[in-house]
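Chemist: Structure provided below as structure tokens; questions to follow.
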Amino acid sequence: MFFAVITLFPEMFEAITAYGISGRAAKRDIVQVTCINPRDFAEGNYRRVDERPFGGGPGMVMMAEPLAKAINHAKQLASQAGCVHVPVVYMSPQGKTLNEQAVQQFVDYDGLIVLCGRYEGVDERLIQHYVDQEWSIGDYVLSGGELPAMVLLDSIIRRLPNVMSDEQSAIQDSFVDGLLDCPQYTKPDQFEGLDVPEILKSGHHANIEKWRFLQRYQRTLERRPELIEKVALTKQQKKWLSDEQG
């Protein structure tokens with residue numbers, strides 16, 4: 001999958017390309033992550049990419065022209081890589097909140113061009129002409145779009161085929177089927193007086209599966225009750241709940 005990131009701080013994305021699951025995916029050429037600095041497309045000796053906002057106010061606004069040139073360059077790179085469906089995504093507090101359903105849709109794209117804002121944001125005309133989607137990672141403000149962009153890339157990359165060493169691990173993550181994940185345990189059997197639930201050591205896979213589902217359901221009910229209404233339970237899961245409640 002192809003990713004082009006428009007950012008004033010390309011070095012930050014070594015966290016994606018050099019470490020962990022996403023780093024291994026990059027080394028195996030499952031993903032291609034290219035960072036494009038809009039300063040390279042700015043004019044003048046100082047390569048300015050920001051100016052004061054019309055109408056006054058604090059801070060600076062990223063200028064449309066260097067960003068547009070950077071996006072067009074990213075589109076050329078995507079085309080050269082054989083990618084057809086490559087939306088331009090702007091990471092913004094005004095965007096829709098990123099969730100697992102959106103991530104799974106991104107996986108079907110050939111790639112993404114991700115625009116990272118800075119300062120007070122970017123010129124609205126750039127958004128109107130070049131941005132296909134705006135996404136947020138939550139109702140809070142960060143110094144720029146780089147960290148949200150890394151969240152987006154990491155969440156997509158780990159969903160791609162052949163990236164995870166254990167595909168089942170990705171399937172069982174929180175939110176994949178609408179429920180939170182179940183409690184996890186590893187050695188030793190006892191830690192500070194707390195024991196691993198005996199059922200997890202029983203070797204009875206059907207009982208373990210049932211226990212994990214019930215734990216996930218109860219945890220979601222307690223911590224994120226608004227998610228329960230959207231969960232599509234299987235026939236077996238409904239039976240487990242009925243047995244437990246009745």
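Residue numbers in this text run from 1 along the chain shown.
Cβ atoms are placed via backbone N, Cα and C, with glycine included.
The structure displayed is predicted, hence computed values, not measured ones.
Pulled these features from Swiss-Prot for this protein:
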- G117, I137, G138, D139, Y140, V141, L142: S-adenosyl-L-methionine binding site (BINDING)
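Can you tell me where each of these features sits in this structure?
Modeler: Cβ neighbours within 10 Å of V141 (S-adenosyl-L-methionine binding site), excluding its own Cβ and spanning all shown chains: 6.
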Chemist: At a 10 Å cut-off from the C-beta of L142 (S-adenosyl-L-methionine binding site), count the other C-beta atoms across all protein chains.
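Modeler: There are 13 such Cβ atoms around L142 (S-adenosyl-L-methionine binding site).
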Chemist: Taking only same-chain residues 6+ apart in sequence, whose CB is under 8 Å from that of G117 (S-adenosyl-L-methionine binding site), what do you get?
Modeler: M62, Y90, M91, S92, G144, G145
Chemist: Among the binding-site residues I137, G138, D139, Y140, which residue has the largest number of other Cβ atoms within 10 Å of its own Cβ?
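Modeler: By the 10 Å Cβ neighbour count, I137 comes out on top.
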